[in-house]
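The structure under discussion appears below in the form of structure tokens.
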Amino acid sequence: MAVNGVEFEQRHGKSRVRVGRVWREPSGRHHFVEWNVSISLLSDCLPAYTRADNSDIVATDTMKNTVYVKAKECRQQISVEDFAILLGKHFTSFYPQVSAAIINIIEKPWERINIDGQPHDHGFKLGSEKHTTEVVVKKSGGLQVISGIEGLAVLKTTQVSNAISKTCMLTQASSLLCLSGFEGFVRDKYTILPETRERMFATEVTASWKYSYETLASIPAKQLYFMEKYMGVKKILIETFFGPSKGGVYSPSVQSTLYDMANAVIARVPDVSSIQLKMPNIHFLPVNLSSKDNPIVKFEDDVFLPTDEPHGSIQASLSRLHSKM
């Protein structure tokens with residue numbers, strides 16, 4: 001909006017509201033989640049900025065308290081997406097001046113523990129990758145739901161003996177033995193990286209996907225629907241990255257594997273309209289201590305130096321036609 005001859009945009013909210021919620025079944029089985037909630041409201045509170053009039057401001061402390069109250073009111077286990085929608089609906093309906101609410105939630109990966117092969121009723125351990133969501137709810141009933149994964153660390157090793165290396169170069173069928181490579185890239189005076197069809201492939205996947213639902217009324221009423229979809233997308237990403245348990249699948253580049261993973265989600269999950277993947281190329285460098293004076297100390301077949309920096313940065317997004325992230 002224009003204010004005193006300048007363009008002015010504003011929003012306010014509360015970040016890093018941490019909440020844990022336990023649901024207890026009559027059988028004694030418990031369910032537990034830990035969420036980190038951030039709220040941002042778009043509201044008509046211009047006088048607070050221009051006239052020091054706070055009468056239309058929803059206090060951020062009130063937002064924090066609302067998170068705990070709404071979590072308590074959820075009598076059944078609920079997904080992060082549904083909880084974000086619930087919060088967005090509250091803020092846009094309860095406060096006349098609020099036109100839209102943007103809710104971001106990160107769920108910590110608490111996983112049920114197994115004792116002697118049996119799932120424990122109320123014991124959990126912390127896992128790795130996090131479940132994320134960003135939900136935009138508008139007073140008009142408009143909706144945008146984006147789900148995601150952060151920190152999905154995956155790695156596949158490769159067989160790098162000289163015999164296998166020669167076989168991989170000679171026959172396409174046996175390339176399944178070499179799970180990752182990189183060749184045919186631009187070479188110039190700054191390039192020293194050798195081409196290879198056998199290298200370690202490690203990455204930490206960050207994925208976000210947008211659902212096709214555009215209104216509150218279009219959301220499926222099924223309990224834990226979004227959790228089911230989240231687990232399904234994660235399964236597709238992992239299966240596409242690794243391939244079959246016997247033999248795996250060859251990756252000619254991070255870019256090619258990223259595209260295959262994203263395309264598999266679009267093809268197999270009709271409710272997803274677009275997906276974005278970020279996959280840094282985390283390097284494991286072969287160790288070679290051989291020299292002309294000591295040619296025996298040679299470890300490059302099975303000993304590697306893990307490195308965090310620098311690493312390659314690869315990202316891309318796929319959308320169905322007429323769909324945008």
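In case you wondered, yes, glycine gets a Cβ from its N, Cα and C as well.
All protein chains considered, the CB of K14 (active site, charge relay system) has 20 other CB atoms within 10 Å. Under the heading active site, charge relay system, TrEMBL lists K14 (among others).
Contacts of T60 (O2 binding site) defined by a Cβ separation under 8 A and a same-chain sequence distance of 6+ are given as H12, G13, K14, in order along the sequence. For T60, N281, the entry in TrEMBL reads O2 binding site.
Positions annotated as urate binding site by TrEMBL: T60, D61, F182, R199, V254, Q255, N281.
Sequence annotations record features per position, and here TrEMBL assigns 5-hydroxyisourate binding site to T60, D61, F182, R199, V254, N281.
The active site, charge relay system feature in TrEMBL is assigned to T60 (among others).
Taken from TrEMBL, the feature active site, charge relay system applies to H283 (among others). Taking a C-beta cut-off of under 8 angstroms and a sequence separation of 6 or more, H283 (active site, charge relay system) has the following same-chain neighbours: M200, A202, P306, T307, H311, G312.
A separation of roughly 7 Å, to the nearest angstrom, links the Cα atoms of V254 (urate binding site) and N281 (O2 binding site). Cβ neighbour count for R199 (urate binding site): 22 (other Cβ atoms within 10 Å of its Cβ, all protein chains included).
Its Cβ taken as reference, D61 (urate binding site) is surrounded by 9 other Cβ atoms within 10 Å in the chains shown.
The Cβ of N281 (O2 binding site) has 18 other Cβ atoms within 10 Å, all protein chains considered.
Annotation for Q255 (urate binding site): same-chain Cβ neighbours under 8 Å, separated by at least 6 residues, are I314, A316. Its Cβ placed at the centre, V254 (urate binding site) has 20 other Cβ atoms within 10 Å.
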